[in-house]
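> This is the structure I want to talk about, given as structure tokens.
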Amino acid sequence: MSLQKDVSSTKSDIDDELHEALDKLDEPKQDSNEESSAPYNKEILEPKPVTIRQLFRFATKLDITLTLFGTFFSIVAGAIMPVMIIIFSQLMGVILDYTTMMMNGSVEAANHHLDHESRKYCLWFMGLGLVMWLFSYGVNACWSVSAENQGLRIRKTYYESIMRQDIGWFDTIKTGELTTRITNDVNLVQDGIGEKFGFVFMNVVSFVAAFIIAFIKGWKLTLVCLCVIPFIAAAGGYLGIKISQLVTYAQDQNAESGAVADEVLSGIRTVMAFNGQEREIARYDEKINEAYKFGKKNGFILGGSIGVIQFFIFVMYCVGFNFGSWRVRAGEYEAQTVLNVILVLLIGGFSLSGAAPNISAISTAQGSAAKVYAIIDRESPIDPLNTEHGKKVDHVRGQIDFKNIHFSYPSRPDVPILKGFNLEIRPGQKVALVGESGCGKSTTIGLIERFYDPAQGDVLIDGINIKDYNIGSLRHRIGIVTQEPVLFSTSIYQNIVWGAVDPEGNPPTKEEVVEACKAANAHQFIDMLPNKYETLVGEGGALLSGGQKQRIAIARAIIRNPDVLLLDEATSALDTASERLVQDALDKLSADRTTISIAHRLSTIRNCDQIYVVREGIVSENGTHDELVELNGEYAAMVKAQELRQAVRAKIEENNSEEDLDELIAKELKEQALDLKATTRQSMQSMQRMSTAQSLDASRNAKHKSVDESSDMRLMFRLIWSHRSAMGAAIPGSLLAIIDGAVMPCFALVFSRALFALSMNDPAEIKRKTDLYAQLFLVFAVAGMFAMFGRIGLYHIAGENMTRQLRHEASGFFDDEDNGTGALTSRLATDAEDVNKIVSSFIGTCFSTGSTIVCALIIAFIYDWHIALIMIGCWPIQGFAQFLQARASYEKSGQSAAETIRNIKTVATLRREETFIAIFNKSSEEPHAGNVRSTMISSFGFGFAQACNMFVNALVFFAGTQFIIKGLIDIQGMMNAMMATMFSSMSIGMLAQMSSMISKGAVASRGIYHTLDRKSHIDGLDPAGSVSEKFDGNILKGISFEAMAGKSVALVGASGSGKSTSILLAQRLYDAISGSVKVENLDVKDWNIMALRDNMAIVGQEPVLFNYTIAENIRYGKPGATQQEIEEAAREANIYNFVMNLPDGFNTNVGQKGGRLSGGQKQRVAIARALVRKPKLLLLDEATAALDSRSEKVVQRVLDKAAKERTTLTVAHRLSTIQDCDMIVVFKNGRIVERGTHDELIALKGTYHLLVEQQSLQVTH
């Protein structure tokens, strides 16, 4: 107690000095607006339309060769169908001859002729079938492999182009859009240049060949039929133009929605903490709804265009039959001629109608390629991969000069940041930059790294303009540790190795990595992990505490051994013990190199050679610590504001000799280092969630295994059933599909009767019947047009609805390696698109084809049950041919791309662009190789499916003629059955062209079901709440403490000791394995989860803001908050004046993840967001760590005031911020070792007392 009395005697004097300093800092002045978040001028890409030729710009000689072979195969395969019809018509002629011979009484001769000719033509059918098998295989294999190769090349080139871009460009682009385009848009491009292109060739060649044959057989009749071609061409042209336009618009909206998904999923804990799930779903839906509108228009335009094409094709048959009938009655044509021409044109029309969906896919590819190719073609003004430009260096001395620098961020060109900034740093000098948040300190680091170029002035390194250096070479000589460290989703070892200059060519040894970690005070906690340095850190290092991430980032900088070291709040996330040790390591590291430190904790930079005070974009003061304190200016006020009271330390030392004190500190630091082996285990065991969660949740694994082993058709059925609520439009769509499918068999029946009508001898009867049948053709034309229009349009609505039902998870799930932000974004984009295709195209086609088959079967049973039984017997073989395909997913590469694009600044500072390009390429090549192999199988199935039509027709025709010879059926019945069989076979052949869609959909379904099957244990959208997500490791070990209503409780201790875990438990982002967390004496498990979180607000160490305006971000804490409430919260958080100085004030957009604000500005907006909520429980996890001295003191006073009105849990390493708390709880090794007020804990002279001493804080009572 005597120590406290002695020390407290100076309290009033120091408080007077403190208030005087604060009053000086609070004098009215023009607020800085350098780091404003004024609306940025987004670089709007308005790419030129992509031509068909440009679609193939990434084709190599091999790909061109494959496409040439594929084109040849397409031409031959396309010509086979009209040739088959000629054979078929010849067979029909044989049957008519048989009728004539039978009427003349030559029964034996007629039977012999029919048997001989039918065998000959059926052998022709079998031969054509084998040729079709071979060439259809070639069509699918050549085009698909070529497209796979080009798709891989486009992905690689697109990603490499992104890695080449300057950071200023990224500031104007939503990173989620880039990720969506690399997964979804590239897939659409690949889809359009693959087998569908070959199918278009097949269909067009069939159409052209049909008309050539028709001209040869009857040119007059063919010319008459050609009168409808202009209408068909107009409909096709309109289809291509509109689809390309709509797809471009829709893909833009999909990219926007991808950006939203990426942003929200990466900040999911903040979303859940503020019950923002419904708001974010609404925001995502807003973007999706725009794409949905375009998707609906797309569907109805596609359906309408195809319907119009089909209408005019039937009109062509109507006109052709009428004209043909007239010429037959006139004796100019025989019935056989009309039969040949009409049948050939029928195949041509059928082929043209079948080409429309494939033409739509090509138009879609053109629309998608426009933005992708535009980004590929963009030349970056600062290209880190350019090895030719600029001077390459292996070493720099570290002389750095800023000369009259004027700078504004590209996203905010109207807001100046640096205004004539001048700075000179000598080689090896340790320099510190201090100043308020947003004054431009971090901007200088961006200029040294050459993330940006100044608008005016020069940045010189060793007397050479930074623009004259090779940027990649220069960045190798610079090391950096930032305030918000970024780790990548790999092992601890790999994260550190990537800090080396050349980790691939000349990697550091394991010993060097260990030494770097020891120097960064990280080795101890790493060494106690089950996998030690091979432990995975999770996405963004999410499975590490803030301090642990920071120490690994420091080790990464140490291993680099840079010539210039940049420290931007490098120790802000560390506890006291770690900070002292790491600061010593940094001091040693900076001894022989130029070092620039940005710090708010002035105790960390007081020994710098020069300290520069930055204010309003210029240097306002500079000198050593002592010189600036003596100057009694801004820096001196900052020092006083941080309570750097040497007098207090002297008072303490009166009661503890220097030797005793050092010994006590050393003992405690050693004990804390040993404790890290245990405390780390607590935090690090949470890393094992990726592996242990699987064993704890066997049922989920069983579901995943079940999904992986499910057949394609089973997945398709489950897909439809589980999303039946989205399939409302599919019900009338299915009815229309049934009508659409029934048109062809009914047309075949009428067509068969019309052929017999032409062979009659009575001209009047011919005219009467052909007129009737022509009118029926018009009925089929109208019915088919409206059925096609409705079927495609309504199924597109169902497909678009399906894509909007794929979001729903608890935050713990996003820590899984296989379900990171990028993977989930990929599923929302690519997988949803593949599912959309299944619903909008495949299912409707299945109903239509099924209707065709059933109707054909009914007709066959009515007229000849023998033929019907043969058809049924052939179905299993035809069905087997459809589904011999499986495709791999590019989800892993999408995850890799999302992570690196989102953290592009870290990638750039580490100079690891080539590393991540290699990782991306490898993750893309794996599914590519699998897809190429599966293409061989699928091509075999596709060829067999096409050949099956020939084989079945040959079998049916041969069996039918044998039945006729044996007297089992009559000729009219056989004709009706055969026509129905032929048309149903053609429908199955068209369905075969969609077989790849089934496989893609199955892969997509598996990915989606892996997400949907995982029941959210803590459901933020479920009003009843649910089962809990549990920590898998013993992070906390039987802790107990109570925060009384309206009291403030502080949690202190080493990094990873469980402090932040307590905050997570209070929010019920996780649940404890045992014990309970109670709020208002009610277990949190019994609370409605949304109501529980509505009564809380959190300000975290790494604030997450969303791509809203400042007002909307603050309102995020309280939906419906008035402008007055928002402004009041902003004033309390000391952000109001800054905001009002922005051109758009509170309507200023903060950018992706708040990227247009400085760290301190983001933190103050986050504080305002919490304060506007007026919570009963306020959670502060290092809430003021990112603030400058002045802002920290002002905001701390606001938080202290707020804490008096509500219960507060505070996690802090800066003990000056929690001295006045009602209770301080000291964590160590997952347990509580001390608790009490500040004075009580000081009196104990235990752990807390040592922490206070290490920070040179005033001891008060």
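Placement of Cβ uses the backbone N, Cα and C atoms for every residue, glycine included.
Pulled these from TrEMBL:
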| type | residues | note |
| --- | --- | --- |
| COMPBIAS | 1-11 | compositional bias 'Polar residues' |
| COMPBIAS | 19-32 | compositional bias 'Basic and acidic residues' |
| DOMAIN | 400-641 | domain 'ABC transporter' |
| DOMAIN | 1016-1254 | domain 'ABC transporter' |
| REGION | 1-40 | region 'Disordered' |
| TRANSMEM | 72-96 | transmembrane segment |
| TRANSMEM | 121-139 | transmembrane segment |
| TRANSMEM | 197-216 | transmembrane segment |
| TRANSMEM | 223-241 | transmembrane segment |
| TRANSMEM | 300-325 | transmembrane segment |
| TRANSMEM | 337-356 | transmembrane segment |
| TRANSMEM | 726-751 | transmembrane segment |
| TRANSMEM | 772-798 | transmembrane segment |
| TRANSMEM | 838-863 | transmembrane segment |
| TRANSMEM | 940-965 | transmembrane segment |
> Can you tell me which recorded stretch out of 197-216, 300-325, 838-863, 940-965 has the most Cβ pairs within less than 8 Å of the transmembrane segment (772-798)?
300-325
> Are there at least 3 C-beta pairs under 8 angstroms linking the transmembrane segment (337-356) and the transmembrane segment (300-325), leaving out pairs fewer than 6 apart in sequence?
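Contact confirmed: at least 3 Cβ pairs fall under 8 Å.
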> To the transmembrane segment (197-216), which of 72-96, 337-356, 726-751, 838-863, 940-965 is linked by the most Cβ pairs under 8 Å?
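Looking only at 72-96, 337-356, 726-751, 838-863, 940-965, the most contacts with the transmembrane segment (197-216) come from 337-356.
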> Apart from its near flanks, which chain residues at least 6 from the ends of the transmembrane segment (337-356) lie with a Cβ under 8 angstroms of it?
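Beyond its ends, the transmembrane segment (337-356) has Cβ neighbours at 78, 81-82, 84-86, 88-89, 92-93, 199-200, 202-204, 206-211, 213-214, 217-218, 221-222, 225, 232, 236, 239, 302, 305-306, 309-310, 313, 316-317, 320-321, 324-325, 327-328, 751, 755, 758, 986, 990, 993.
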> Return the stretch with the most CB pairs under 8 A relative to the transmembrane segment (72-96), choosing among 121-139, 726-751, 940-965.
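It is 121-139 that shares the most Cβ pairs under 8 Å with the transmembrane segment (72-96).
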> Return the average pLDDT for the domain 'ABC transporter' (400-641) as a whole number.
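The predicted confidence over the domain 'ABC transporter' (400-641), as a mean pLDDT, is 85.
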